[in-house]
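Below is one structure, written out as structure tokens; the observations come after it.
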Amino acid sequence: MLTIIADSNIAHLHDYFNEQTLNHPIQVISMAGRDITADALQQYQPDVLLIRSVTQIDAKLLDTNQSVKFIGSATIGTDHVNEGYVSLRGMRFANAAGCSKHSVAQYVMSAILQLRPEYWASNTSQSDKPVKLGIIGLGNIGSTLARYALDLGWEVLGYDPFQSASVINNASVDKVLAQSDVISLHVPLTLTGHSELPTYHMIDADALAKMPSTTMLINTSRGAVVSEADLLADLNQNPERQVVLDVFENEPTVSAELLDKLTIATPHIAGYTLEGKLRGTQMIFDAFVRSYGEKGADILSIKQTDLMADLLPANPYHWSQLKQLPEKLPQFYDIKADDRQLRDSVNEQAGAVLGTDFDALRKNYTLRREWLFD
Ligand SMILES: NC(=O)c1ccc[n+]([C@@H]2O[C@H](COP(=O)([O-])OP(=O)(O)OC[C@H]3O[C@@H](n4cnc5c(N)ncnc54)[C@H](O)[C@@H]3O)[C@@H](O)[C@H]2O)c1
Ligand SMILES: O=C(O)[C@H](O)[C@H](O)COP(=O)(O)O
């Protein structure tokens, strides 16, 4: 019998992990990601952990455990996982790199175009001052966002010191900060000692001072990439600056003081589309199959399967059509409705959105659909 502990927020968990697809007796124990603790591991002795970003994978969780062999995170970000420790323990780890790249890119485009609809026409063919979109981090999401921006005829000022120079990786960070109309952050959260160029508080008072007050800032990466204290000080000085946050330095709590100064604020749902979450589950299922398959079929003789196609309803939304009908964008995704829901969750007494309410907004979020980028 294979025992799996899984985050109950993993989309279609049981459609993927069951005795038919795995051709093996299994028990799947699903629970809130924050409840996956050393005590739960002690109680259930799982072979497999399937998690999302709210479960910290480290010595505190695993030092007293000898049962876990495979850990899958149905997320892009891995800053919640001490991968060095996991490798040292001989456990297999897989994340879902790129699973929601289109979802997040489309969230960013929705925010920009709903706040500045004039940007639909601010392109190289119709304007002598096309939109300059600054993108910091040009991996799966940043490079996908660049595709949408270039498709609208915008200019991209991109900065990624770990990628080769290219048509989008074309600027210094100072040029991005000083010359962009909008800056969108798409970096992992890395700390000193884990990266030559750590991204922790990358957007601090110095960086903000280099950004004209008319420059919009969008953060869908991780909250701590932006210094919240410095951002608050900047917004007190530059109340006209438009800031869109989907991630927050002190998640899952969000201060009302900060919320009041943001233009758009959403509860870490930029990647929350049916496609994005399903791809995440499919990818860790595939990684699990590969991992166990490598150990020989005697443990698990599994056929790899693409369940995603069966689980996705037909998708009528096409970027090419949306572009022709810009006024349709808010009907496709009303980002301001998500903003209102978060603001309505503020606990006046606490002067903040409480962690339990933030988590509930995410758990109960109605997954959007991605539009097809064609
Ligand atoms: N809000 C959400 O719902 C959501 C959804 C998915 C991912 N994310 C976050 O977005 C992040 C980026 O996702 P991705 O798929 O593009 O990851 P990715 O790993 O494909 O790309 C990250 C890029 O950042 C670059 N980078 C690293 N340090 C940098 C620095 N100091 N300056 C500039 N660039 C730097 C890397 O070279 C890489 O190209 C994830 O790590 C995750 O934390 C958030
Ligand atoms: O890293 C990611 O994939 C995203 O931030 C994702 O939205 C995390 O979502 P969670 O695991 O918190 O549900």
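Residue positions begin at 1 at the first shown residue.
Placement of Cβ uses the backbone N, Cα and C atoms for every residue, glycine included.
Remember, TrEMBL labels are computer predictions, not curated facts.
Marked as domain 'D-isomer specific 2-hydroxyacid dehydrogenase catalytic' by TrEMBL: 25-291.
Within 10 Å of the C-beta of Thr75 (substrate binding site) we count 27 further C-beta atoms, all protein chains included. As annotated by TrEMBL, substrate binding site applies to Ser53, Thr75, Tyr272.
Annotation comment: TrEMBL describes 116-270 as domain 'D-isomer specific 2-hydroxyacid dehydrogenase NAD-binding'.
Per TrEMBL, the feature NAD(+) binding site maps to Asp160, Asp246, Gly271. For the recorded site, Asp160 (NAD(+) binding site), the DSSP three-state label reads coil. Shown in sequence order, Ile136, Gly137, Leu138, Gly139, Gly142, Asn169 are the residues of the chain, 6+ apart in sequence, with a C-beta less than 8 angstroms from the C-beta of Asp160 (NAD(+) binding site).
The Cβ neighbour count for Arg222 (active site), using a 10 Å radius over every protein chain in view, is 23. Secondary structure from DSSP puts Arg222 (active site) in coil. The active site annotation in TrEMBL covers Arg222 (among others).
Feature annotation from TrEMBL assigns active site to Glu251 (among others). Close to Glu251 (active site) in the fold, though at least 6 residues off in sequence, lie Gly223, His268, Gly355, Phe358, each with a CB less than 8 Å from its CB. For the recorded site, Glu251 (active site), the DSSP three-state label reads coil.
Secondary structure at His268 (active site, proton donor), as computed by DSSP, is coil. Residues or ranges marked as active site, proton donor in TrEMBL: His268.
Among the features that TrEMBL reports, domain 'Erythronate-4-phosphate dehydrogenase dimerisation' is placed at 328-371. Taking DSSP states H, G and I as helix and E and B as strand, the domain 'Erythronate-4-phosphate dehydrogenase dimerisation' (328-371) has 23 helix, 5 strand, 16 coil.
In the shown protein chains, 24 other C-beta atoms lie within 10 A of the C-beta of His268 (active site, proton donor). Note: the Cα of Thr75 (substrate binding site) and the Cα of Arg222 (active site) are spaced 13 Å from each other. Farthest C-alpha pair in the NAD(+)-binding residues Asp160, Asp246, Gly271: 21 Å apart.
Candidate recorded positions: Asp160, Arg222, Asp246, Glu251. Not one of them has a Cβ under 6 Å from ligand 2.
In the vicinity of ligand 1, defined as a Cβ distance under 6 Å, the following of the binding-site residues Ser53, Thr75, Asp160 are placed: Asp160.
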